[in-house]
């Protein structure tokens, strides 16, 4: 039976183990299957991502190829359009020649009107000269005023800088002094704390002495009880002697306690004086004129603790006198003492009530005289004197309040300093903006003057062309032919240069982009900022205009002086006009004008052809520049 039971148990154990093994196998298989499925899902997700990336890259490549083909087509179209434009330009030249032939007749008619206008313009020219001189005088005055204002602003700025530096140095000195005072106050506080600890240790010793005295008195009471009744005279003398010695000891203890209490009160008064000194320093920083304000507070703080000390001494003496006599006397003496105390109590109560009334009157007077005394804990009268721990807590609270007030004052001072700095910066910005506006106004006036002078120079050039004779015609024809040849050569050179410049521009753009990306990774240069580019270009253009203005003014002055000489020569070159009659003069002038008009017709045609050629050339350059810009943009997009 035993073997059968063992075999059954073993079978069950084996079966359980087999079941566990099978369960573990199933769990392991399930875990493997789960991990494999997760790995398959991750692999499928990665494969999908790579497929999508591959498809997107292929789509981008297709877009790039299509864009390239479009660009090539657009280039071909632009070339064809350029050829058509050249052909149209040739046709336009022929049409222009025909219109020039028609315009000759109109020019002859206009020439007669120009003679009348010429005289009008001479009078206007003289008026404009006067205005120009006046404007030059005003410009000089404005320049002098600007230099004066600039020098004044500079001096004011330097003075403000000096004042601020002085204020900064003064503030640093005041901060240094305050820190030193804070260190001294901390040292004093530590000394007071050490004194308080010493006083506490002494008080504990006095308490132990009191306990010892009480024990001694309790031990002496049974000895007194055993004394016989017949010897009442002798034992009464001994207790009185012992009582005297004990009273001497207690008076010594009381004196020591009073001394300790005086030390505590002095430490509290010193702390209060330090707090008052801190308040004075803070108020002196903000309001240096109010130096005499905290004096009554300090006097009240120093006078009131003396009264408190006297009251406290009286209370201690009364309490200790009551405690000393009770345990040492007999029952009969205790009864007598109680009766005496009951007799004295109403007198003491009356005295205490009188003292309380006097204290209340003093409080009302102090409240009316000094408002700040309510904050100090030493100024509050109490029927019971506060302990040193409570006074220390109140002093800590006062110190915390004073620290908070100092922090608030510092914050206010910082805010005021920041506001002043902001106002100073705003003023400087306004002054700078005003200077810039004055400069812009001056530049605008100079540009207006330059335009007026240019118009005057054009009118004077017309007069100069009228005065010039036949000698300049062959020179002008040669120059026109030379310029045409140069324009054709330059056009061919420009085409080649544009192609080379396009390639260089692409390389430079690629390099500049790489440099910009690197610079942007490190830090942004304000010169590369797109918001500042327009301003920089505007400033560069203004500088170029300022540099070119003196040259233009000199040329215009020369042109203004030159027509007067030419007019003088023209008048001096015709002596017959002065001698002949008025009719002959008019006839000769008409004949000369006809001859000049006939001679000037080819010159006018040549000049018009030049102007049109130049305009067409400029248009072609602008079109080429626009096409190059479009190409660069497209390449940049690629």
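Cβ coordinates are placed from backbone N, Cα and C, and glycine is handled just like the others.
Annotated topological domain 'Cytoplasmic' per Swiss-Prot: 1-12, in sequence order, evidence recorded as sequence analysis.
Residues annotated as transmembrane segment in Swiss-Prot, with sequence analysis given as evidence: 13-33.
Here Swiss-Prot flags 34-638 as topological domain 'Lumenal'.
DSSP assignment over the region 'Golgi targeting' (38-107) gives 70 helix, 0 strand, 0 coil. Residues or ranges marked as region 'Golgi targeting' in Swiss-Prot: 38-107 (among others).
Each residue in the coiled coil (66-216) has a pLDDT score, and their mean in this model is 90. Per Swiss-Prot, the feature coiled coil maps to 66-216; the stated evidence is sequence analysis.
Per Swiss-Prot, region 'Endosome targeting' is recorded for 80-175.
The region 'Golgi targeting' feature in Swiss-Prot is assigned to 176-220 (among others). Secondary structure counts, DSSP: the region 'Golgi targeting' (176-220) has 45 helix, 0 strand, 0 coil.
Taken from Swiss-Prot, the feature region 'Disordered' covers 217-245 (among others).
The region 'Disordered' annotation in Swiss-Prot covers 280-415 (among others).
Under the heading compositional bias 'Basic and acidic residues', Swiss-Prot lists 301-316 (among others).
Feature annotation from Swiss-Prot assigns compositional bias 'Basic and acidic residues' to 323-332 (among others).
Per Swiss-Prot, compositional bias 'Acidic residues' is recorded for 348-361 (among others).
Taken from Swiss-Prot, the feature compositional bias 'Basic and acidic residues' applies to 402-414 (among others).
Per Swiss-Prot, compositional bias 'Basic and acidic residues' is recorded for 455-467 (among others).
The region 'Disordered' annotation in Swiss-Prot covers 455-638 (among others).
Per Swiss-Prot, the feature compositional bias 'Basic and acidic residues' maps to 510-521 (among others).
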Counts of helix, strand and coil residues, the compositional bias 'Basic and acidic residues' (402-414), according to DSSP: 13 helix, 0 strand, 0 coil
